[in-house]
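*Asks:* Okay, handing you the structure first.
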Amino acid sequence: MFLGGTISTPPASLRLRSTLNPQNAVTQSSSQATFPAAMQRKPPSYSISDEDLESRGFLLRRTTEGLNLDQLNSVFAAVGFPRRDTAKIEVALQHTDALLWVEYEKTRRPVAFARATGDGVFNAIIWDVVVDPSFQSCGLGKAVMERLIEDLQVKGICNIALYSEPRVLGFYRPLGFVSDPDGIKGMVFIRKQRNKK
């Protein structure tokens with residue numbers, strides 16, 4: 001699925017540095033940058049405010065600091081993802097351009113998670129969108145996705161895609177994702193299994 005909208009590239013001055021890749025960061029002093037009112041971004045409007053989430057005991061995190069990979073792996077398994085090698089999860093997170101996870105304050109455990117990879121300029125793919133089954137239907141998935149999409153757009157990312165199982169397409173559509181926009185089809189390489197003789 002692809003995030004619907006116009007494909008365009010914002011000026012480099014609007015791109016923010018990545019919180020996960022500081023060695024690639026480009027910063028600009030706010031005193032150097034002035035933008036016409038039409039170019040200034042409005043504050044994001046989320047379905048659940050950060051304050052409301054916090055009042056309910058949910059803490060938003062945008063870095064891997066404090067993220068227990070064994071606990072995250074348990075959330076993956078609880079939603080039906082295969083259990084993963086935590087060393088490989090760590091490598092995947094090192095190559096992640098943006099992420100957002102929710103920590104439940106009472107248990108200090110991750111209860112929702114999503115991440116994105118991409119080229120840092122034009123394209124990103126969202127991966128691993130999960131919400132612990134005990135915390136589903138309270139808006140955490142939507143809260144994570146709204147903020148991750150906003151984080152990518154603020155960086156100037158124009159094309160945002162994700163892979164989705166058919167049963168959850170209805171979750172992504174209200175967020176702006178469309179299947180097969182303008183006839184575009186996603187394709188996946190599948191390694192052929194060798195016949196054992």
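Note that Cβ sites are derived from N, Cα and C of the backbone, with glycine treated the same way.
Dumping what Swiss-Prot says about this protein:
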{"type": "TRANSIT", "residues": "1-37", "note": "transit peptide"}
{"type": "COMPBIAS", "residues": "23-34", "note": "compositional bias 'Polar residues'"}
{"type": "REGION", "residues": "23-46", "note": "region 'Disordered'"}
{"type": "DOMAIN", "residues": "58-195", "note": "domain 'N-acetyltransferase'"}
{"type": "BINDING", "residues": "Val129, Val130, Val131, Ser137, Cys138, Gly139, Leu140, Gly141, Lys142, Glu165, Pro166, Arg167, Tyr172", "note": "acetyl-CoA binding site"}
{"type": "ACT_SITE", "residues": "Tyr172", "note": "active site, proton donor"}
*Asks:* Using a Cβ cut-off under 8 Å and a sequence separation of 6 or more, which residues in the same chain sit near Tyr172 (acetyl-CoA binding site)?
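*Replies:* In sequence order, Met1, Met145, Leu162, Ser164 meet the Cβ cut-off.
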*Asks:* Write out the long-range same-chain contacts of Pro166 (acetyl-CoA binding site), meaning residues 6 or more apart in sequence whose Cβ is under 8 Å from its Cβ.
*Replies:* none
*Asks:* Quick one: largest C-alpha distance among Val129, Val130, Val131, Ser137, Cys138, Gly139, Leu140, Gly141, Lys142, Glu165, Pro166, Arg167, Tyr172, binding acetyl-CoA per the record, in angstrom?
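*Replies:* About 21 Å separates the two most distant Cα atoms.
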*Asks:* Can you tell me the three-state DSSP label for Cys138 (acetyl-CoA binding site)?
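*Replies:* Cys138 (acetyl-CoA binding site) sits in coil per DSSP, no helix or strand.
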*Asks:* What is the Cβ neighbour count of Cys138 (acetyl-CoA binding site) at a 10 Å cut-off, with all protein chains included?
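*Replies:* A 10 Å sphere around the Cβ of Cys138 (acetyl-CoA binding site) contains 16 other Cβ atoms.
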